[in-house]
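Student: So that we are looking at the same thing, I have put the structure below in structure tokens.
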Number of protein chains: 2
Amino acid sequence: MNWWQTDHTHNPAARCWVKGADGHESFPVQNLPLGLFSDGDSGPRAGVAIGNFVLDLGGLIDAGLLPELDMLSDLLRERLNELLALGAETRRALRHALFALLTDARHRDAVAPFLVPMAHADMHMPCDVGDYTDFYAGIHHAMRVGKLFRPDAPLLPNYRHVPIGYHGRASSVVLSGTPVKRPQGQLPGADGPRFGPSERLDLELELGVWIGPGNELGAPVPIAEAAEHIAGFCLLNDWSARDVQTWEYQPLGPFLAKNFLTSISPWIITPEALAPFRERAYPRGADEPTPLPYLMDADDQAHGGLKLELGVWLQTRAMRQAGLPETRLSGGGSQALYWTVQQMLAHHTVNGCNLMPGDLFGTGTISGEADGSEGSLLELTQGGKAPITLPSGETRTFLQDGDRLRISAVARADGFASIGFGECVGEVLDS
Amino acid sequence: MNWWQTDHTHNPAARCWVKGADGHESFPVQNLPLGLFSDGDSGPRAGVAIGNFVLDLGGLIDAGLLPELDMLSDLLRERLNELLALGAETRRALRHALFALLTDARHRDAVAPFLVPMAHADMHMPCDVGDYTDFYAGIHHAMRVGKLFRPDAPLLPNYRHVPIGYHGRASSVVLSGTPVKRPQGQLPGADGPRFGPSERLDLELELGVWIGPGNELGAPVPIAEAAEHIAGFCLLNDWSARDVQTWEYQPLGPFLAKNFLTSISPWIITPEALAPFRERAYPRGADEPTPLPYLMDADDQAHGGLKLELGVWLQTRAMRQAGLPETRLSGGGSQALYWTVQQMLAHHTVNGCNLMPGDLFGTGTISGEADGSEGSLLELTQGGKAPITLPSGETRTFLQDGDRLRISAVARADGFASIGFGECVGEVLDS
């Protein structure tokens, strides 16, 4: 079975006996994302989101309810790296077994004891992130940001040939909800740099990509095999200090402007859950170059894209105090990715670089082409020159203390249940 | 006791009862570097280099020979991250205890059973490298390389203010001796990129810096405390594919040009061993700006530099076949570092970025100002335009298949025993 094909687990008419799961905005039985949770005094362990509950995977296995998967028993504690290393076949077997248990009410009495209300569960980083790589595949983001810096040549000559990426900091990748401490650093000034807290704190709306089996050093992954190494997806907010970035980034790229914090959503949305939302890769115009063969595969071109609805939501402190809900700042679609995640992975390994289970990619900021679909305040406010006005009457160029920022992703397609990614939020602390 | 001060363990007249240790070119009793080794069927464990032997630290402790350090017993297997986390006080206590055992012949019978000949020991990566950051602190390297790309403005305006650095790839940091597989990738061409093995494979002579205790996310390390977080030093060769680099590096910095392999020497040379070789930080001229206060500390300015003699050595396959020894290509001094490693660390954390025990820094390529002290072939051959001639009559611009490249560092100072760093070698495989 191919990674873009659907089966009975995608049937939108399937009914789940867990209360509130059917039609759940994020976690219906067609989703079944993986995460690491704890409740009470027990240590972190693997769980699956279903409706407003977390299903304790290790508990299910120990009770003999997943008999064909009991080899997983030792892999479900403290971190999920080893589970991701197993690849698509195991993941699909797990999905099918869980789907069977959750859609047949005869299993209710046996399985229900392993459901933990989400309100009682603490989520943890699902994996120890060995290495974190951030790409730059959102072409409209690259174009808009390029225009701010180089109005005459917004896209550099390599952009349409190379899935541009750089290494980020793994140690400061944190879970949704972690407070955002405004970074200090060197800020550009007319008479040389000055020191202080960043005055241009921004978000970047990205997808995160979890790496599965990975490859040995020196052994590139061919594009046709790349999908096998992608274990799942999450939301990723690449918090950025634009003033620090402007001053520091030449010639070796962003560093302190980015590595103070990167927030991700806790649930690993599997490639299997997203199969109905596949679409063709970014359509290249006749005037655009064809990438080199190591990046091109017919299946990937036909099915390697992902169709997701993305959103950026803001609630300021004043809004919170006035009882105003968060407001949608912008949101586009993931079709703005010029490279598929399979192309990113094939590129990353073509020189022999080794990927490890639990490594993380960011796609780069995903902005749509249209106004109102920008994935960063840098774009939304044209580099801070065009403040936006909020429902509270406040204005924003960049993030202020007390701002609570949320990014979202939902997969929708005719004839399929919608799949949500869950939350990726952060509130800017007083500085 | 301050980190730059010497004590009785630096006495050059100290005599060690281990045969061949006194006057050893790298590992006299004044060095005592830490590493991870195995011999025969036993798993990796901590060892200390002394002469041509590895002293089994865990064995010593289990035998009760380091009574004040038996809390280390559990930390000495599989990886040294936890040992490095303990900081200078523990490291100094270990150094003093080992020095006492190795310089008093009355301990010979008890200790000698824990000496393993280096020829029987396999060395391992000393730590799991969580994150690897490469700086750009070699000012003559930055100047020469800058001239190749921007003849009119070799040093960018931020260079003298910002300890420029970027994140490298942790998974492909490997031990000395690992073969070098020539990376494939996109090479620049007149009609767009072409695909193939790199034709401009280069070395970069750097020092590696091992991080000790580290800091919590959001809690910067002040410059005055930075030295406490540096656990040791090694050699580091940042293998580079110059053709890939030229094409890919804008706007986010080097990626596939670097992440295929980074080689390090196996022994962690402690700050204590290097105390006699401290010197003032890079002397700034009157026309150079004073860095911002978070980078400036009187002790660091007075003692934060390191005086090492560095070397680059090459033996081609033809030289090997003709029985010719390796030839010294170049070599400079580590005084060419514009920033002290303490400044690098304070800068890295000033925005709240968290460093973890066992993280690794590279200093950036260390080239002297004079011809013949370049730390890369890019500089030695002026971007490939000026081939060098070898004793075999061969010429080189960049590395050829079969080339065996070694980098070296020795600390020498009047009145002290010399301290060597050991080997960092790599041979380029046939492609």
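Just so you know, glycine gets a Cβ as well, placed from its N, Cα and C.
Please treat TrEMBL annotations as automatic predictions, because they have not gone through curation.
Keep in mind that what you see is a predicted model, and the values were worked out from it rather than measured.
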Student: Check TrEMBL for me: it has A:Glu204, A:Glu206, A:Asp238 binding Ca(2+), so pick out which one of A:Asp128, A:Asp131, A:Asp134, A:Asp300 it puts in that same site.
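Tutor: So the Ca(2+) site in TrEMBL includes A:Glu204, A:Glu206, A:Asp238 plus, from the candidates A:Asp128, A:Asp131, A:Asp134, A:Asp300, A:Asp134.
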Student: Mind pulling out which binding-site residues among A:Tyr136, A:Glu206, A:Gln245 sit under 8 Å from chain B, Cβ to Cβ?
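Tutor: In terms of proximity to chain B, the binding-site residues that count are A:Tyr136, given in sequence order.
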Student: Select the closest residue to A:Gln245 (substrate binding site) from the following binding-site residues, measuring between CA atoms: A:Glu204, A:Asp238, A:Lys258.
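Tutor: Smallest Cα separation from A:Gln245 (substrate binding site) among A:Glu204, A:Asp238, A:Lys258: A:Lys258.
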Student: Name the one residue among A:His141, A:Tyr249, A:Thr262, A:Thr365 whose Cα is closest in three-dimensional space to that of A:Glu206 (Ca(2+) binding site); these are the recorded positions.
Tutor: A:Thr365
Student: Report the same-chain neighbours of A:Asp134 (Ca(2+) binding site): residues 6+ apart in sequence with Cβ closer than 8 Å to its Cβ, ordered by sequence.
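Tutor: Residues satisfying the criterion: A:Gly165, A:Tyr166, A:His167, A:Gly168, A:Glu206, A:Asp238, A:Lys258, A:Phe361, A:Gly362, A:Gly364.
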Student: Checking the contact step here: among the binding-site residues A:Tyr136, A:Arg150, A:Tyr249, A:Thr365, which have a Cα within 10 Å of the Cα of A:Glu204 (Ca(2+) binding site)?
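Tutor: Near A:Glu204 (Ca(2+) binding site) by Cα: A:Thr365.
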Student: Long-range neighbours only, meaning 6 or more apart in sequence with Cβ under 8 Å: which ones does A:His141 (active site, proton acceptor) have?
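Tutor: The answer is A:Ala336, A:Gly364, A:Thr365, A:Ile366, A:Ser367, A:Glu374, A:Gly375, A:Ser376, A:Glu379.
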Student: So for A:Tyr249 (substrate binding site), how many other CB atoms are inside 10 Å of its CB?
Tutor: 22
Student: Name the secondary structure element type, per DSSP in three states, that contains A:Arg150 (substrate binding site).
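Tutor: For A:Arg150 (substrate binding site) - judged by DSSP and reduced to three states - the answer is coil.
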Student: Pull the DSSP breakdown for the domain 'Fumarylacetoacetase N-terminal' (A:30-126) and write it out as helix, strand, coil residue counts.
Tutor: 48 helix, 22 strand, 27 coil
Student: Could you give the maximum C-alpha to C-alpha distance in Å for the residues A:Tyr136, A:Arg150, A:Gln245, A:Tyr249, A:Thr365 that bind substrate per the record?
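Tutor: For the residues that bind substrate, the greatest Cα distance is 18 Å.
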